[in-house]
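Sequence annotations record features per position, and here TrEMBL assigns active site, schiff-base intermediate with DXP to LYS96. Residues or ranges marked as 1-deoxy-D-xylulose 5-phosphate binding site by TrEMBL: GLY157, ALA184, GLY185, ASN206, THR207. The domain 'Thiazole synthase ThiG' annotation in TrEMBL covers 5-249.
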Amino acid sequence: MPIFYGTEVRSRLFLGTARYPSPAVLAEAVRQSGTDIVTVSLRRETAGGRSGGAFFELIRELGVRVLPNTAGCHSVSEAVLTAKMAREVFSTNWIKLEVIGHQDTLQPDVFGLVEAACILAGEGFEVFPYTTDDLVVAERLVEAGCKVLMPWCAPIGSAMGPQNVPALRAMRAHFPDVPLIVDAGIGRPSHAATVMELGYDAVLLNTAVAGAASPAAMAAAFAKAIEAGHAACHAGMLEPRDMAVPSTPVIGKAVFT
Ligand SMILES: CC(=O)[C@@H](O)[C@H](O)COP(=O)(O)O
């Protein structure tokens, strides 16, 4: 199973906790997903409007590890301050670092991201940076101390699925030893299977489950797709080809009398 900052996890699915219709629905989705890591924002409104202590208590009851995030932060100082508060609240050095740079696309501000990652890594945080699929930015994040990378595959909440498969493939090839988690833009289990088939270590998603008609059933479907994609990646997939190849070879000709 994958190891992130020295911690081995049982599931390759990381689940977001925002936008669920109720705390009960969130709890059932977490259970059905089999995840052992949920990401939690200190700043966003949470399931069914439940907030503060009650929400955090629910998360604790689920027995999953919390990956706090800096969702909604638009500057380095805001992200760093939020990370420090999250460390106090959740007693963890883990932080999913988001520094949003564009209001419409929620595209990461990659310059601010590298700066904030540098500051936080220097203060002992174990940073999971939400980034684009840009290799140069990824290099800078690794130089800043990030031992995990979280490229998007499409804008947050868009459900568009992988928009640039060659870029995701290049990132996997360029960082063979860095755990890679696709974060954001996954809409369907087949999208998650696709990125796992590329050799990614895990997937983080929120909207596709929280916004489904049945979040618990969708969480279970994602869990299966992610495992299937991972298994396929290591089972030796065929390369597509232009010409037909008979799947039933024949020897000679049948004799009809
Ligand atoms: C939950 C989280 O931390 C975000 O990065 C984001 O919400 C995930 O993206 P999707 O909602 O598109 O799955």
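In case you wondered, yes, glycine gets a Cβ from its N, Cα and C as well.
A map of TrEMBL features onto the structure.
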residue : record                                         : Cβ neighbours (10 Å)
LYS96   : active site, schiff-base intermediate with DXP : 26
GLY157  : 1-deoxy-D-xylulose 5-phosphate binding site    : 17
ALA184  : 1-deoxy-D-xylulose 5-phosphate binding site    : 23
GLY185  : 1-deoxy-D-xylulose 5-phosphate binding site    : 24
ASN206  : 1-deoxy-D-xylulose 5-phosphate binding site    : 23
THR207  : 1-deoxy-D-xylulose 5-phosphate binding site    : 18
Exercise. Reduced to three states, what secondary structure does DSSP give THR207 (1-deoxy-D-xylulose 5-phosphate binding site)?
Worked result: helix
Exercise. Rounded to an integer, what is the Cα-Cα distance in Å between GLY185 (1-deoxy-D-xylulose 5-phosphate binding site) and the residue listed as 'active site, schiff-base intermediate with DXP'?
Worked result: 16
Exercise. Just how spread out is the 1-deoxy-D-xylulose 5-phosphate site if you go by the largest Cα to Cα distance in Å among GLY157, ALA184, GLY185, ASN206, THR207?
Worked result: 9
Problem set entry | Listed in sequence order, residues not in GLY157, ALA184, GLY185, ASN206, THR207 with Cβ within 8 Å of the centre of the 1-deoxy-D-xylulose 5-phosphate site Cβ atoms | GLY16, ALA154, PRO155, ILE156, SER158, ALA159, ILE186, LEU205, ALA208
Seminar exercise, completed: Under a three-state DSSP reduction, the secondary structure at LYS96 (active site, schiff-base intermediate with DXP) is strand
Seminar exercise, completed: If you measure between the CA atoms of ASN206 (1-deoxy-D-xylulose 5-phosphate binding site) and the residue listed as 'active site, schiff-base intermediate with DXP' and round to the nearest Å, you get 14
Exercise. At the Cα level, what's the spacing in Å between LYS96 (active site, schiff-base intermediate with DXP) and ALA184 (1-deoxy-D-xylulose 5-phosphate binding site), rounded?
Worked result: 12
